[in-house]
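The annotation region 'Required for interaction with NFATC2' is assigned in Swiss-Prot to 1-80. What Swiss-Prot records for 1-113 is domain 'WH1', and it gives sequence analysis as the kind of evidence. If you look up Swiss-Prot, you'll see 95-122, 190-355 marked as coiled coil, on the strength of sequence analysis. Taken from Swiss-Prot, the feature phosphoserine covers 120, 158, and the record attributes it to a large-scale study or a structure entry. According to Swiss-Prot, the feature region 'Disordered' maps to 137-168, 239-296. Annotation source Swiss-Prot lists compositional bias 'Basic and acidic residues' at 257-267, 280-290. Marked as compositional bias 'Polar residues' by Swiss-Prot: 268-277.
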């Protein structure tokens, strides 16, 4: 059967063992890690198989027959005999639930294999829903106890109805297997996988803790910088009343300058009227003096207007600077609150990590 073309009916992961063909007593593990074990339907031969691939070779390629029996020898270990392959397979699962699921699926596949055999004998064809036709589980074969109730093994019959000699040979092979040793080996490999996962999780936690500590230092430095900035801005805000007094004095100076400008404008206008109005016996020297006074007043007036505009500009800049300082203080305070909250979260995370570390 080509597993690349067929989809598995059911798949799980387990540590795979085979009975030692030389001693018929010890179990040989297929590897240090759990392998994928799947049920497949071979449509070409109209049979069901249990397949497990390790690397580039098939570790398990067992055809399920109606006479096979899957026996649970512990809470996490089960086994079955394959007379065609002349071996016994053992599976060590990570949990009792996985073992129960595999055993239930074994019963369903065995029933489907029985239906497939009956249909083949009747000349019919097995449809793709043969597995779903299994409505009842076939009771397991009687158990044979050789060393007490804790070491129950099963009696498996060949699909081709082997004789008493074959059955006795299988019974002897199974009875001589060290069930306790297999259970311990399965538990050992399961613990190895668990330890590897825990070690990886611990390394990730340590890396995360280091990263959190670095982030904590960065946050602390940034928070300290923000505290200094807030202190500077608060000092600037505290100095605002003094600046406010200066601004009031500036405003008064502006008002005085405006009054002086208006007065000078009036004087200029009066002088212009005098210079252009009808006069008796005008004197050239007096007229020139008057014109010079007018020019001086106009020059002074222009200077006053320029000073007024400069002072108004300074006043607006001072007001804008004050508003910017207030806004910057508000933003810095908000950012400081956020950083303090993040620091609190980092401390809580480090505390939880320290409690969880062994």
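Glycine too: its Cβ is placed from the backbone N, Cα and C atoms.
The Cβ neighbour count for residue 120 (phosphoserine), using a 10 Å radius over every protein chain in view, is 14.
Under DSSP, residue 120 (phosphoserine) is assigned to a helix (H, G or I) in the three-state scheme. Within the compositional bias 'Basic and acidic residues' (257-267), the DSSP-based counts of helix, strand and coil residues read 11 helix, 0 strand, 0 coil. Broken down by DSSP into helix, strand and coil, the domain 'WH1' (1-113) contains 18 helix, 51 strand, 44 coil.
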